[in-house]
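Asks: Per TrEMBL, transmembrane segment is recorded for 28-57, 69-88, 100-120, 126-147, 159-181, 187-209, 310-334, 341-362, 368-386, 438-459. Per TrEMBL, domain 'Major facilitator superfamily (MFS) profile' is recorded for 32-463.
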Amino acid sequence: MTIETFPGSSGFIDSGHDKKITYFSNTYVLGLTVVAGIGGLLFGYDTGVISGALLYIRDEFEAVDQSSFLQETIVSMALVGAMIGAAAGGAINDEYGRKAATLLADVIFALGSFVMAAAWNPYVIIFGRLLVGLGVGVASVTAPMYIAEAAPSEIRGGLVSTNVLMITSGQFLSYLVNLAFTEVRGTWRWMLGVAAVPAIIQFFLMLFLPESPRWLYMKKSKSDAIVVLSKIYDPYRLEEELDQLSTALEEEHQRKNAVSYWDVFRIKEIRLAFFAGAGLQAFQQFTGINTVMYYSPTIVQMAGFKSNQLALLLSLIVALMNAAGTVVGIYLIDHFGRRKLALSSLSGVILSLILLSVAFYFESIGVANIGWVAVLGLALYIAFFAPGMGPVPWTVNSEIYPESYRGICGGMSATVNWVSNLVVAQSFLSIAEAVGTGWTFLILAVIAVLAFAFVFVFVPETKGLSFEEVERIWKERAWGRSSSSRLESLIENREEP
């Protein structure tokens with residue numbers, strides 16, 4: 001049996017029989033992924049639950065009801081915490097490991113949930129929101145990294161995308177919880193407090209799971225790493241993975257200086273990788289996902305449905321569509337490729353935002369029966385965004401950085417995502433009031449066009465590649481353009497048997 005692959009590739013294993021690694025072929029890796037993905041569930045739940053809880057917080061605290069500033073602070077303080085948590089999370093991951101970082105995130109998140117549930121004034125709620133934000137920020141860096149480092153390269157994209165599925169599932173769960181506790185005494189306390197449950201579950205499950213095998217090999221114990229890797233790969237493939245890890249460790253020992261944040265900008269290949277990863281994270285937010293989700297009830301009302309209950313039901317449907325789209329992305333990302341999937345996704349996002357812009361513009365000048373165009377734009381937006389620009393930024397950022405810089409760069413790029421999220425959240429309504437909602441969606445469409453150009457020029461295809469192969473792409477892009485073109489051509493032409 002002869003299989004042509006790029007030298008050092010981790011494609012199909014030639015051990016006398018065909019052995020294709022699939023998403024469900026190793027239940028051990030899938031189990032690690034699901035447990036680590038609970039961090040994504042916390043991420044999604046926290047972003048979704050506050051919209052419903054705030055309504056009841058306003059009923060209980062008159063100061064909140066009378067102060068838009070307090071309402072905005074309660075919502076945005078979690079974003080502030082997430083930015084800090086993501087920025088610190090990279091260094092925590094590099095120094096103490098992925099497992100320790102996950103356990104720390106769970107403790108902080110659960111503590112924040114309990115603080116909010118027991119809050120006796122709005123300022124205690126704000127402090128609790130800061131704590132859960134810190135936990136979410138650390139988890140947003142750690143979960144994709146942990147999954148990527150345990151995953152075989154053939155299915156790494158799908159497994160990391162499972163974390164994004166957990167995020168969208170967390171958002172869907174938050175809407176269900178909001179609905180379930182509407183008639184319960186202490187409504188908002190239950191909504192915010194119940195978030196501690198998955199954090200506590202993940203904490204105890206993680207106690208029984210191993211550290212990331214790559215982190216173990218590079219930072220702590222080769223023998224422990226081999227034990228974990230032997231549960232993931234057969235003996236033939238295990239030898240290949242150990243050879244690659246040995247080479248990476250040797251390169252790290254050759255470095256005279258400790259890893260620093262300045263290196264990210266000083267070393268050309270690291271700078272190129274970070275530019276691509278951080279750019280993807282920024283464009284994920286600036287192409288308007290949270291804005292479209294926010295405006296979904298308004299869009300349905302434009303179509304002639306005025307009921308508030310229907311708006312709540314729509315939130316559930318949109319969240320369910322988002323989760324379903326992510327499931328499609330889990331399949332496509334390792335078959336279609338990260339780059340192609342992002343470009344296809346952005347093409348649809350551009351069309352959808354133009355439809356939304358047209359619908360809101362004509363509605364503003366009094367054109368009747370235009371609501372169906374807005375609903376179509378909403379449906380198309382979710383259908384195109386969820387499988388592509390939802391999972392691709394997180395997947396790419398989990399695999400494009402060298403071992404020594406994965407924590408630092410992953411933390412910095414996640415911070416870019418959270419900062420971009422905050423910028424969009426704080427500016428969208430002001431821009432919409434200044435120029436109109438139709439023009440605002442058109443601005444987002446223009447940003448999506450820029451995102452398409454950015455991905456086309458700066459983001460390489462990493463489907464099915466080992467971490468070492470990806471690192472080679474950046475080195476050759478930085479120091480040998482012609483060699484890089486040949487390398488990426490070979491990679492893109494590699495066919496699935």
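Backbone N, Cα and C define each Cβ position, glycine as well.
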Asks: What same-chain residues lie close to the transmembrane segment (310-334): Cβ under 8 Å, and 6 or more beyond its ends?
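Replies: Sequence-remote neighbours of the transmembrane segment (310-334) are 23, 48, 154-158, 161-162, 164-165, 168-169, 171-172, 175-176, 178-179, 293, 296-297, 300-301, 341, 378-379, 382-383, 385-388, 390-392, 395, 463-464.
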Asks: Taking pairs 6 or more apart in sequence, does the count of Cβ pairs under 8 Å between the transmembrane segment (100-120) and the transmembrane segment (159-181) hit 3 or more?
Replies: no
Asks: Short question: most Cβ pairs under 8 Å with the transmembrane segment (159-181), which of 28-57, 341-362, 368-386?
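Replies: By Cβ pairs under 8 Å, 28-57 leads among 28-57, 341-362, 368-386.
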Asks: Are the transmembrane segment (187-209) and the transmembrane segment (69-88) close, by which I mean at least 3 Cβ pairs under 8 Å that are 6+ residues apart in sequence?
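Replies: They are not in contact.
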Asks: Does the transmembrane segment (28-57) come near the transmembrane segment (126-147), with 3+ Cβ pairs under 8 Å (pairs 6 or more apart)?
Replies: yes
Asks: Suppose I define contact as three or more CB-CB distances under 8 A, residues 6 or more apart in sequence; do the transmembrane segment (341-362) and the transmembrane segment (438-459) meet it?
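Replies: Yes, since the transmembrane segment (341-362) and the transmembrane segment (438-459) share at least 3 Cβ pairs closer than 8 Å, they count as touching.
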Asks: Under 8 Å between C-beta atoms and at least six residues away from its ends: which parts of the chain pack against the transmembrane segment (368-386)?
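Replies: Distal contacts: 168, 287, 289, 292, 296, 299-304, 318, 321-326, 328-329, 344-349, 351-356, 358-360, 362.
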Asks: Take the transmembrane segment (69-88) and find every residue of the same chain, 6 or more past its ends, with a Cβ under 8 Å from one of its Cβ atoms.
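Replies: Sequence-distant neighbours of the transmembrane segment (69-88): 46-47, 50, 54, 57-58, 63, 105, 108, 122, 125-126, 129-141, 411-412, 414-415, 417-419, 421-422, 425-426.
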